[in-house]
Amino acid sequence: MVVSFLALLLLLLLSGSPPSALAAEDGEHGYTLVEISSLQEKDVCSGHRVPVPQNRTWVPLSLLHGSCSPASLSAHAKPTLAELLRHDEHRVEDIHRRLSGFADEKKKKIKKRAAGSTSTQMNSGPVLDVNMGTLSSTSSQSEVVFQPTATGGSSIRRRPPGVRQTVMVDTASDVPWVQCRPCSKPPCRSFDPARSNTYAAFRCNSTDCARLGPNANGCFRNQCQYRASSPDGLTSSGTYGSDVLAIGPARTIRRFKFGCSRAMRGSIGSAAAGGIMALGGGAQTLVAQTASAYGNAFSYCIPPTPSYPGFFTLGSPIAAASRRFVRTPLVRDGRSPATFHRVLLRGVSVAGRLLDVPAQLFAAGTVLDSRTAITRLPLTAYQALRAAFRSSMAAYRKAPRKGILDTCFNFTGVPVVNLPKVALVFDRNAVLELDPSGILFNDCLAFASNADDTAPGILGNVQQQTIEVLYDLATASVGFRRLAC
């Protein structure tokens, strides 16, 4: 098996084709040969594996605490696997609560309990750098930087004005916000609105303040106040205003509306992370605010390990590139919060064989979430997936479970694994084959089950790795493009 793998890998390298997690496909049997070391994080950032999208507004994206994160984040203590999985469970439970039909009184109690939590940490998921405001200092306005390009070499570009902020990419939040001075939990990387020439707080009687809806939080000194919470209990409150937002070196968004956070409950996971870039379905998100310029669409690609960068883009791909996506409709039923982006999963295949589970199991829909790590399936569907995967991996030594991950292996002395392919089948026959990094996580099957068959599924960011996920809200569809980063 090892000889066959090395031969196939040599052919890939000679042909110039980018390997996906150093995997060589065995299409006849529905398996993929995977070098285990290719799924493990390295100490240094390896750079982009494939060219990033051209002629689109894009910015590098990295995984929190990874070697490709901003330098100030990389030195921060990484969470253990147990901590990450505990955070994951908390987030999943909160998403399920928000989508459930609980009575209003029960919802209030849950909201109060979540808001009071101070131990919540956003320990995983993608982050990106943006620039906020226009500093009064003229030196920062004209700084020229030497920047490496996506395909090698370098270019000279002008650094965007303002203060660099590292923000979490959150598709289950509606109000963007950054931490502002004075910082509620120093040390932190905060934006100082007093130093920006273009910052303005909204007045309490303004239209923009009224449009906050349930996120409005009263008035203070005739300045509009907001309150926003993420599905994992992280809550931010402060002044709602606008300023210039720069995404990448060439694109600026004037009068970008966001929360200037003065108080925060829970932890964002790193002192250097500055806030949340909300990308849910609400009216205050980045994509909603830029719809007229970028067509109400965005996409991202999460890398296979923290040792590689991915990317985030605003706008739809050009027509030729668009054909490389498989698409499925978004579910908008009017009864659930508009925040969540949901699709219909119809089935799952393992080693080329569709699992024998009824499509009705997935009727509650599947939430696409950038910050949940591990995909959740209805209980019956997960049990079928687990049985098929264990059968396909019977040749390998089993290992004890790791928290919610109950199908783990001991690959000591096994450099290459013959891994069964796993594909998700969405509505309108949109078939998405997962990357090996989306199948194995810490030597375990990277899926978990819901408590029953009634709650919605969640497509986590581990399964989204190496895939460009396109949220085309203008056409109410989601697209998937494999081998994108």
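Cβ coordinates are placed from backbone N, Cα and C, and glycine is handled just like the others.
TrEMBL: automatically predicted annotations, no manual curation.
Noted in TrEMBL for the protein shown:
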{"type": "SIGNAL", "residues": "1-23", "note": "signal peptide"}
{"type": "REGION", "residues": "106-127", "note": "region 'Disordered'"}
{"type": "DOMAIN", "residues": "152-481", "note": "domain 'Peptidase A1'"}
{"type": "ACT_SITE", "residues": "Asp170", "note": "active site"}
{"type": "ACT_SITE", "residues": "Asp369", "note": "active site"}
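When averaged over the domain 'Peptidase A1' (152-481), pLDDT in the model lands at 91. Between the alpha carbons (Cα) of Asp170 (active site) and Asp369 (active site) lies a span of roughly 7 Å.
Neighbour density for Asp170 (active site): within 10 A of its CB lie 26 other CB atoms from the protein chains shown.
Sequence-distant neighbours of Asp369 (active site) (same chain, 6+ residues apart, CB-CB distance under 8 A): Arg91, Ile95, Thr171, Ala172, Pro231, Phe340, Ile458, Leu459, Gly460, Asn461.
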